[in-house]
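Colleague: Once you've had a glance at the structure underneath, I'll fire off some questions.
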Amino acid sequence: MSKLNYIKGDLFSHKSSASSILAHACNCRGSWGAGVAAIFKKQFPSTYKLYVEHCKKHASNPSGLLGSTYLIKSESSDPGNSGRENVAYVACMFTSDAFGRRKNSADDIVENTDKSMLHLESQLAELAKTEPIEQQDGVNVVNMPKINAGLFNVPWEETEAVLKKHQVLINVYVI
C-alpha cells in the first residue's frame, strides 16, 4: 500500500539528491494549456515538446493513451532543474482523453489513474536499476499535486483512494 504524505508548498521546489519524479494528470490531445500543466510546460519545456510529439504519434486514436504514463527525462537546461543535483523526470499520466467539456467522466478518470499508476510503477522499477531516482527506505517516491482535482474536477478523495493502493510513496503538494 502506498503512503501519501501531504506537503504544504510548491511542487516545483521539491529537491532530492537523486532524480525526482514529478507527476501530473494529462489529456491525450497534446495540450498543457491551463492549470498545473501550464506550469509544467514553463518549468520543463523539453518534456512538453516530447509530450506533444507522443500525442501526435497517437493522433489517430488518442484515447489509446488512456491509462498509460509517459515518463520523460527533462533536460538540465529546463528552468525547473535549477538547483537540482540530478534532472527531474516528468510523469505524464493520461487520465482523460480530452479536457474542458469533453473530458472523461470522473469514474473513467479514476480508473485511468489506477492504470496509469501501474504503468508508472513498472517504469520506475526498471529505471531504478540504471538511474539514481528518489527513494525512501527502498521505495520509489513520486511527487505530485492533487491530480485530477483541478480542471478534471474529480473529487480528491476518489483519486486519493486509488493512489493508496500502489507500491510507491507519494508526496502530494498542496498550496
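Cβ coordinates come from backbone N, Cα and C, glycine included.
Reproduced below are the annotations present in Swiss-Prot:
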DOMAIN    1-175  domain 'Macro'
BINDING   9-11, 25-27, 32-37, 147-153  substrate binding site
Colleague: Summarise the model confidence on the domain 'Macro' (1-175) as a single mean pLDDT, whole number.
Modeller: 94
Colleague: In this structure, which of the binding-site residues ALA25, ILE147 has the fewest other Cβ atoms within 10 Å of its Cβ?
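Modeller: Sparsest of the binding-site residues ALA25, ILE147 by Cβ contacts within 10 Å: ILE147.
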Colleague: Looking at Cβ-Cβ distances, which residues of the chain lie under 8 angstroms from GLY9 (substrate binding site) while being 6 or more apart from it?
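Modeller: For GLY9 (substrate binding site), the qualifying residues are TYR173, ILE175.
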Colleague: Same chain only, sequence gap of 6 or more: which residues have a CB within under 8 Å of the CB of TRP32 (substrate binding site)?
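Modeller: Listed in sequence order: CYS26, ALA38, PHE40, LYS41, TYR48, TYR51.
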Colleague: What is the number of other Cβ atoms found within 10 Å of the Cβ of ASN153 (substrate binding site)?
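Modeller: Cβ-Cβ neighbours of ASN153 (substrate binding site) within 10 Å number 10.
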Colleague: Where does ASN153 (substrate binding site) sit by DSSP, helix, strand or coil?
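Modeller: SS state of ASN153 (substrate binding site) = coil.
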Colleague: Just jot down the residues in the same chain as GLY35 (substrate binding site), at least 6 apart in sequence, with C-beta under 8 A of its C-beta; none if empty.
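Modeller: The list for GLY35 (substrate binding site) reads GLY150, LEU151, given in order along the sequence.
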